[in-house]
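Here's the structure, in structure tokens; my notes come after.
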Amino acid sequence: MQKIKNIIIGFGKGGKTLAKFLAQRDEEVLVIEKSNQMYGGTCINIACLPSKRLIIEAANGLDFIDAIGGKNEMTSLLRSKNYHMLADEKTVTVLDGEAKFVDDHIIEVKTANGIEKYEGERIFINTGAVPVILPIPGLKESKFLLDSTAAMEQTSLPKNLIIIGAGYIGLEFAAMFAKYGSNVTVLDHNSDFIPREDEDISKVVKKDLEELGIKFELGIEIEKVEDTDDHATIVYKNSAGEKKQVDGDRILAATGRRPNTENLGLENTNIKVNKWDAIEVNKHLETNVHNVWAIGDVKGGLQFTYISLDDFRIIKSQLFGNGQYTLESRKNIPYSVFIDPALSEVGLTEKEAKKHGIEYEVHKLPVAAIPKAQVAKDTRGVFKALVDPQTKQILGATLYGIESYELINTISLAINQKIPATVLRDQIYTHPTMSEAFNDLFK
Ligand SMILES: Cc1cc2nc3c(=O)[nH]c(=O)nc-3n(C[C@H](O)[C@H](O)[C@H](O)COP(=O)(O)OP(=O)(O)OC[C@H]3O[C@@H](n4cnc5c(N)ncnc54)[C@H](O)[C@@H]3O)c2cc1C
Ligand SMILES: NC(=O)c1ccc[n+]([C@@H]2O[C@H](COP(=O)([O-])OP(=O)(O)OC[C@H]3O[C@@H](n4cnc5c(N)ncnc54)[C@H](O)[C@@H]3O)[C@@H](O)[C@H]2O)c1
């Protein structure tokens, strides 16, 4: 059995960044990836980048199948770049195979050439997450069922697409498929639409999505899924308790993703997993086994590529720095839902501020008041921010409008660096841009 200084299981965002960093320090690294179609991880191959490419091409008016072709070219290029980024390093080996723990520090890898065993001085688990398929009678067996990966590999556009789940994937794919021309129905058991958001925001978002042709059925309970030759029928109880049904030629399951720990052999180790299947870690991301860490989606919590990347920074701080950058250092994580237009947020919502008895003033600006929105011919949306009335520090912002996925990062920087709203208000911005909205939003 070979002893290795660093073993990384899974080619995810945090893991690959760590592998490169270690290689630059001449440290030996073994990166184990179970699929040669996944070099570079979930984000570049089957998640963020392909979905955003398809979303952009839908807005460009491209045909769905042509867009899929272009998306495949992009992911193949990125996959190859990612592979070489690591494999071309002299101290890194990328091993094709599925890894499994046989004890706390020993890994067995099922490769095309048989089982190989390695002992890792340090082991980093970066195996991501997998879609949750609800235990609804007939769902798993339905030949019309897709997860987000399969939805982006279709050879024809769904005519009638039913999406279960109105979360990130549900809403982004609903808007995208509606723009390509599918009839989209979204079912969610929650009766509140995007429940984290303030009502003045969620109402406009829902209205805009409905104007794209998307139908929502909220507060429902799905009873069963039945297949016929050419479609599936989902039978459900609506919010009034009435029995209803909807037919679709595809069903997209978008009801969350759970940490990918099932086949990792963790039962052979002392590594603890919580009730959501996530690996338990301390503030340095170390598991309860010394020198074994978990990175990204597999450790539970927020599932974003930039969180996995930041996990790398935490591990770097512990192994090569002063250990002061930890999970506790991380605050105010921004996010964007790439619907049409995008919804982006950081910090507190008004609902949350009220709930915690935090004093705030509300600043609101309709996107239609921003010259660049008129120029871009898309005046939908509203920008909203909460500011501390005494210190003028920004407490949070919800930006619903074009380019909000760029703007939110400025607000996030201001919050983290304690730059008051008055500075953003008085800043000179280029014109015409969406950023100059801050001159008016923070008046
Ligand atoms: C459709 C979709 C869209 C998304 N859009 C966004 C977005 O716009 N922005 C954003 O920030 N986030 C987005 N996300 C979330 C984001 O993709 C994930 O949070 C992120 O990719 C997680 O990365 P990771 O580092 O945890 O590992 P991953 O990138 O998931 O890597 C895990 C790797 O481990 C491999 N693996 C698993 N088990 C084993 C094993 N036993 N042995 C060897 N290899 C193994 C897998 O094949 C995989 O390559 C999206 C997710 C989805 C599904
Ligand atoms: N733009 C982005 O950053 C982006 C985009 C896509 C995905 N992601 C990541 O991927 C993760 C997974 O996305 P997701 O959309 O699958 O999960 P999600 O947690 O965002 O949404 C799941 C939805 O399913 C609904 N649901 C749960 N059980 C249900 C039931 N029995 N019947 C009907 N509806 C039910 C929930 O109410 C919720 O609305 C997200 O948490 C996110 O972190 C991020």
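From the backbone N, Cα and C atoms, a Cβ is placed for every residue, glycine too.
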Going by TrEMBL, Gly165, Ala166, Gly167, Tyr168, Ile169, Gly170, Leu171, Glu172 bind NAD(+); tell me which of Gly70, Gly256, Gly265 is listed for that site too. Gly256
Using only C-alpha positions, which one of Cys48, Lys52, Asp297, His431 is spatially nearest Gly256 (NAD(+) binding site)? These are the recorded positions in the record. Asp297
From recorded positions Gly167, Asp297, His431, the one whose Cα lies nearest Cys43 (disulfide bond): Asp297
Determine, using Cα-Cα distances only, which of these binding-site residues is closest to His431 (active site, proton acceptor): Lys52, Gly165, Ile169, Asp297. Lys52
Mean pLDDT across the domain 'Pyridine nucleotide-disulphide oxidoreductase dimerisation' (333-440), rounded to an integer, is what? 98
Tell me, how many other CB atoms lie within 10 A of the CB of Gly256 (NAD(+) binding site), whichever protein chain they belong to? 16
